[in-house]
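Participant: First the structure, which I've put down as C-alpha cells, then a few questions once you've had a look.
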C-alpha cells in the first residue's frame, strides 16, 4: 500500500487573526475554518495535510527546514513576509519542495509595496485575490502535480 502524499499548509504572520482582521481584504472565515475545509479536501484527494501558522519568520523557516524529505508539497501564504523575506525564499530553495504561493487578497490591487514577492519566481504557481478558495485551488493543483510525478 502506498502512503498518502504529504502536504504542508504554511500560513504567515497575522493570519491567525483571519475573520477579525480587515474582512474587506481577507474575508470573514477564520484560519481554523480554512484549515478544516482544507483537511476535508485533503481526505477527498487522499492526501495527508498538516497545517502550521506562525507570526515569526524564524518559526516558518524552521518548519520548512524540518519538512526536508518529509513533505511532498507546500502551500504557503507568507503574508507580509511575501514582500520582505529573502530568508524565507532561501529556506524554500534549500529544501527543493515544490510549492504554491497563496494570497487571500489580490496583492496587485493593493498598496505598491505589496506588489513585489520574493517567492513568486520560484513557486510552481501563485494564486491571489480569490479569498479562501485560493487555498482549495492550490490543494487541487498539488494533488494533480503529485499524481504526475508519481
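Indices start at 1 and increase along the chain as displayed.
Every residue, even glycine, has its Cβ placed from backbone N, Cα and C.
The annotation active site, proton acceptor is assigned in Swiss-Prot to 26 on the grounds of sequence analysis. Taken from Swiss-Prot, the feature active site, proton donor applies to 103, supported by sequence analysis. According to Swiss-Prot, the substrate binding site annotation covers 77, 83, 90, 104, 105, 114, on the basis of sequence analysis. The feature site 'Transition state stabilizer' is assigned by Swiss-Prot to 21, with sequence analysis given as support.
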Participant: Nearest of the recorded positions to residue 90 (substrate binding site) by CA-CA distance, picking from 21, 26, 103?
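Facilitator: If we rank 21, 26, 103 by Cα distance to residue 90 (substrate binding site), first place goes to 103.
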Participant: Taking only C-alpha atoms and a 10 A limit, tell me which of 21, 26, 77, 83, 114 are near residue 103 (active site, proton donor). These are the recorded positions.
Facilitator: 26, 77
Participant: Here are the recorded positions: 21, 83, 103, 114. Which has the lowest count of other Cβ atoms within 10 Å?
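Facilitator: So among 21, 83, 103, 114, the recorded positions given, the one with the fewest Cβ atoms within 10 Å is 21.
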Participant: Using a 10 Å radius around its CB, how many other CB atoms surround residue 104 (substrate binding site)?
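Facilitator: If we count other Cβ atoms within 10 Å of residue 104 (substrate binding site), we arrive at 24.
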Participant: Rounded to a whole angstrom, what is the C-alpha distance between residue 104 (substrate binding site) and residue 26 (active site, proton acceptor)?
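Facilitator: Between the Cα atoms of residue 104 (substrate binding site) and residue 26 (active site, proton acceptor), the distance comes to 6 Å.
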Participant: For a quick check of understanding: given the listed substrate-binding residues 77, 83, 90, 104, 105, 114, what is the maximum Cα-Cα distance in angstrom, as an integer?
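Facilitator: Greatest Cα separation within the listed binding residues comes to 24 Å.
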